[in-house]
Structure formats: structure tokens, C-alpha cells
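Reviewing the structure listed below.
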Amino acid sequence: MRSGAERRGSSAAASPGSPPPGRARPAGSDAPSALPPPAAGQPRARDSGDVRSQPRPLFQWSKWKKRMGSSMSAATARRPVFDDKEDVNFDHFQILRAIGKGSFGKVCIVQKRDTEKMYAMKYMNKQQCIERDEVRNVFRELEILQEIEHVFLVNLWYSFQDEEDMFMVVDLLLGGDLRYHLQQNVQFSEDTVRLYICEMALALDYLRGQHIIHRDVKPDNILLDERGHAHLTDFNIATIIKDGERATALAGTKPYMAPEIFHSFVNGGTGYSFEVDWWSVGVMAYELLRGWRPYDIHSSNAVESLVQLFSTVSVQYVPTWSKEMVALLRKLLTVNPEHRLSSLQDVQAAPALAGVLWDHLSEKRVEPGFVPNKGRLHCDPTFELEEMILESRPLHKKKKRLAKNKSRDNSRDSSQSENDYLQDCLDAIQQDFVIFNREKLKRSQDLPREPLPAPESRDAAEPVEDEAERSALPMCGPICPSAGSG
């Protein structure tokens, strides 16, 4: 096992964890920003990939849980009981705190009032989604999440809506995303990165079986649980392809997008398939080990220039990395998708992963090298400040605001609507949004099935609902046109 100093550096000219001269690590979601050196005596996270710089505790999570637990236990006797036939809605949850902000939604921690289970709740403002042409993406993500469940995914439990927002309630993972830990200058060991590669390999293998290309695998979209296991999230630009089909749309985050996506967009051709997600895993793994990505690509780069870049620039590997890890990264970062490592079988055959107990891994019986500090909530505390101070429609004031809006709408002549188009879109979303309850679905699957009665004879043929039409996800159609992303 190498020291933390060895794991970042590649030469004496650059300090460990620093980009080469003239290549500063960019800020923002595409890449982590450098932080000042740690103060003396600052705590270090337990890891074979340790931490150089840890911030002061943002949130005493264990104390908060203890305090909330005592107050909630007193209320357990009067815990609400919701009608099982009633659709889940906003009133079924207690909002605890804001923890994040996505591409077009926000995330908070919630507790379901009847079961006291904790979840993360993502909510997206309908009007903003319409204005940003994101309605189709939200509906596609819902369609996908309602059909999948895996140990290394962030799984959907409930979806519902109100007049303002669409809600997705998912697994709560308290370990933070890998982008956050990169920004905290966590030095990930090879063993830790190997585990992430394996866990993502199992997730991608499952998604392939469901005909799903994620298209946005990156540190921002990989969340850790309290024990340090990795889970893939954010399916808002994922796509479903049938056997033999290829995707063609330019979709993803540029620094993590595979060369064939750019090539397909610029030169046409046959498109791309599941191999693109494995390239992204390679970029992510390289970044976790070195602190910056293998290619100097940013969102501002022209697509045409990126096609040229992959044929002219070679990836540089750190001499201190093991030859097995370098070989694994080379296979993941192979420009030609036909020669790229891009299946679970390929990964399992890699020498770098020869000792992995895959059965134990799929049951989370392999202990991660990096375990997030349980005394902190691993997110930016400004999210909660923004929600409380800057947000014009804060979630904690929703009930009062909706009641006020309802009263105002009832007193106004509907024929004087300022924006008929917007209202038509909102009405279409209200009608087409799919409500989902995985908890109820699991209960119904566990019930013993009674034998079906013999069908009665019918004098006249009854119309039969078309199966494809029944299973198709309704969209806003011509009212709220959104670009597809095949």
C-alpha cells in the first residue's frame, strides 16, 4: 500500500494532487476546485485513500438523529395512518433540510410520517421545466426509475406532484457524492477505486439487461452510503435502446463523454451503444486516482475539436500506479469502442480485479477502503441557506402558498389568463404525470395470489386496449414540445 503522497503525484515538478503547470483544476461541477491546506490537528477520514483536507464539521448528523429520534419517539403513538388506497403526496412527508441542487431540481432530506423512514426527495418546479424544455427528460427519468431496482443504484420509492412541483422520493445516501469528496481533496487508494469500478460494473451490467444507457456517469452522479459503497444516480438524460438499435444524440457531460458520441454527432455513422458508459467509468477512475481527468476537456470545447483531440493526445499514466491498474484504465479508455472493456465479463477477467469476490460484492459484504465521516453531512451547507433565504418559493412554506394561490385563482376570471400556453402545459403535466409507490407495489407482490375466475362468455367482442399504447409513457405532445434524445 502506497502512501498518500505517492497516490497523487507523477513527477517532482508537480506537487501531489496538483495539475501539471499551466493546467489549473477548473471549478464547478465538471471538475473539483483546489482547497487550501488543512489546519493543524484537523481530523482525517479513515481510508486506505486518506484525506489531506477535511472541513470543519458542517452538521453533527449523529447528534441530530439522536435529538430527532427522541422527539419523534414521543410522537410515535400519534403517528399518522394514511389510507392505503390514497396516493402518496407532499403531506405524507416531513421536510428536514436541503442538501443539494441538480441540473434542474433540488434535493432535501425527508421523513415519511407514517413509517418514519428517511429518504431523499428531489423536487422540480413545473414552470421552470417547461421554460427550459425539460419536461420530457423528467418524464423519461420517471419511466426508467419506476422499472428498475438494484443494490448499486439510487432507487425510486415514490413519485407524485402538486400544482407547483414534481417530486421523486429516492434512497437516502448520507456519504456524499464523489465530486464532493474530490473537492475535499480525499486521496483515493487503488483498492478503493477498484471497488468503485466493480460496483459500477455491476450497476452497468444490470442497466444493460434493461436496455438502458445512462450517458452521464461521473463523480457528481455517484453517491456513497454511510459505509462507503457507490450508487449511481441521475437518469434524466438516460435512454432506452432496443436490441440492435444505436443511440445518436449528443448527450452527456463533455469531459466524461466517449469519443464515439462526438464522432457520431460530427461525422454521422452508426451511433453508439452501452460502451460509452464504460468510458465514463474509466475517466472517473482516473480522476479519483490522480485528481484531474485524463483529457483536458471542458464544456466550452467545440465538438469538432474534441474529435481531433482523441486521435492526437495520449493519456499519461502515473509511474507509481500498479501495472494492473494502468492496464485496466487503458482498456476502459480505449478510443475504439470495439476494443474497449465494456462488459461485466471483461471486468471480471481483468488482472487488476483477479481477487474480487463478486458474490460478496453484490451483497455489500466487501468493506470499502474509504468510509465517509459519520459525524458530518457530506454536502455544501449553502444549499440550505439558499432554500431558506434566497428561494422565492421555499419548500417549507408550500402549504400556505398553495392555499393562498388557490384562493386567488378562484377569485380571478380564468378567461383572463396571462399565458394560455403555459397553463396548457401545466394542465398536460398534471394529467400525464405518473404517480408511483414502490412500497405499495412490494406489498402487493408479497400477497398470495388467488386463482382467477373462469372468463364469462361474451356475446359481442369488447375493445381491447393496445398493450404498446398502455405501456407508453404519456408526454405533453404538441403542447410542450421537447427534444428527444435517442
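First residue shown is number 1, and so on along the chain.
A Cβ is built for glycine as well, from the same backbone N, Cα and C atoms used for every other residue.
The following features are taken from Swiss-Prot:
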type: BINDING; residues: I99, G100, K101, G102, S103, F104, G105, K106, V107, K122; note: ATP binding site
type: COMPBIAS; residues: 24-33; note: compositional bias 'Low complexity'
type: DOMAIN; residues: 93-353; note: domain 'Protein kinase'
type: REGION; residues: 1-56; note: region 'Disordered'
type: REGION; residues: 396-419; note: region 'Disordered'
type: REGION; residues: 444-486; note: region 'Disordered'
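Each of the binding-site residues I99, V107 was scored by the other Cβ atoms within 10 Å of its Cβ; the lowest score goes to V107.
DSSP classifies G105 (ATP binding site) as coil under the three-state reduction. The most densely surrounded of the binding-site residues K101, G105 is G105 (count of other Cβ atoms within 10 A of its Cβ).
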